[in-house]
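Visitor: Before I ask anything, let me first share the structure, which is written out below as structure tokens.
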Amino acid sequence: MHAVTRPTLREAVARLAPGTGLRDGLERILRGRTGALIVLGHDENVEAICDGGFSLDVRYAATRLRELCKMDGAVVLSTDGSRIVRANVQLVPDPSIPTDESGTRHRSAERAAIQTGYPVISVSHSMNIVTVYVRGERHVLTDSATILSRANQAIATLERYKTRLDEVSRQLSRAEIEDFVTLRDVMTVVQRLELVRRIGLVIDYDVVELGTDGRQLRLQLDELLGGNDTARELIVRDYHANPEPPSTGQINATLDELDALSDGDLLDFTALAKVFGYPTTTEAQDSTLSPRGYRAMAGIPRLQFAHADLLVRAFGTLQGLLAASAGDLQSVDGIGAMWARHVREGLSQLAESTISDQ
């Protein structure tokens, strides 16, 4: 028997976003000033906590949900939300499950969500708010205007972060060509990449909650975040302290460690250096490093990663690659004459454009 994958809070919020049938039903309930208790899933675990009510098994419609919620009991939907399975049922979850909620409806919703693993929605008629519970987490739905205002402020912050990231990335590229990279230069870029990623996650959650109202915001976010994940991976490939180019497992582990850093540690270059395998002293920040060349070669059009990897493993560093002739590059197994010339020209153009940017 296959294990059933339960939805996450993010997935549940996406199902309740503006433009969805469920959101339409919830807004009708709010306008009608009635409360509601809705279970977004049905199986034997849900059936075990249902008492009374009646079975329906009819196609879901926002108007039907609104009418059924006029009764005191809970409404149970099918797992895919396409059908209304039961109505006017009393939910009887395990009372020993801890909850911080005070209202009877909200306590039942939180306990039912924990016990069944399915999202449970509670609509408060007195406070006129909708709360969704998913496996011990809760989220209060917010109107689109409030989310858009918050998200637009975050977009403005992201734009400033992205501008600063572009500046320090160009500075690092110049230092790489001139062979004068310090650990501090690298950690500055790492920090900025992570800051951009984190605020992007915050905005992305808002976009999910906005549903159809967040289309324009999604386009802005995708444009600002384009290439950020690739840049994070490339800087780990270039500067991980491992003597050999890091494996995929090492890269993922390093990125996971960066993800796990607190906001305070993210501002500490020594904490960032530790993640990359370098000494955590302040003095070490001024030590010089030699990039492997992955990041630089990523700027060469049409160059496949497999070819770049072969060249890095053959020449060791970016400076070794810059000093190599087309013939030297062609001597690497797997690199033909055409690719050797292409890489040689690409590296030369990269060096010229980087220096001219000064």
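Yeah, the Cβs are placed from backbone N, Cα and C, and that goes for glycine too.
Per Swiss-Prot, domain 'DAC' is recorded for 6-144. According to Swiss-Prot, the feature ATP binding site maps to G73, L91, T104, R105, H106, R107, S108.
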Visitor: Return one of helix, strand or coil for L91 (ATP binding site), based on DSSP.
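Guide: It is in a strand.
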Visitor: Below 8 Å Cβ to Cβ and six or more residues apart, same chain only. Which residues does that give for R105 (ATP binding site)?
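Guide: Those within reach of R105 (ATP binding site), by Cβ under 8 Å and sequence separation of 6 or more, are G35, L37, S122, S124.
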Visitor: Applying the rule Cβ within 8 Å of the centroid of the Cβ atoms of G73, L91, T104, R105, H106, R107, S108, what extra residues of the same chain belong around the ATP site?
Guide: L37, A74, G103, A109, A112, S122
Visitor: Helix, strand or coil: which one is H106 (ATP binding site) in, per DSSP?
Guide: helix
Visitor: Report the mean pLDDT of the predicted model across the domain 'DAC' (6-144), rounded to a whole number.
Guide: 94
Visitor: Counting by DSSP secondary structure, give me helix, strand and coil numbers for the domain 'DAC' (6-144).
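Guide: The composition, in the requested order, is 44 helix, 41 strand, 54 coil.
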Visitor: Measure from the Cβ of S108 (ATP binding site) and count the other Cβ atoms within 10 Å, all protein chains considered.
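Guide: For S108 (ATP binding site), the 10 Å Cβ neighbour count is 23.
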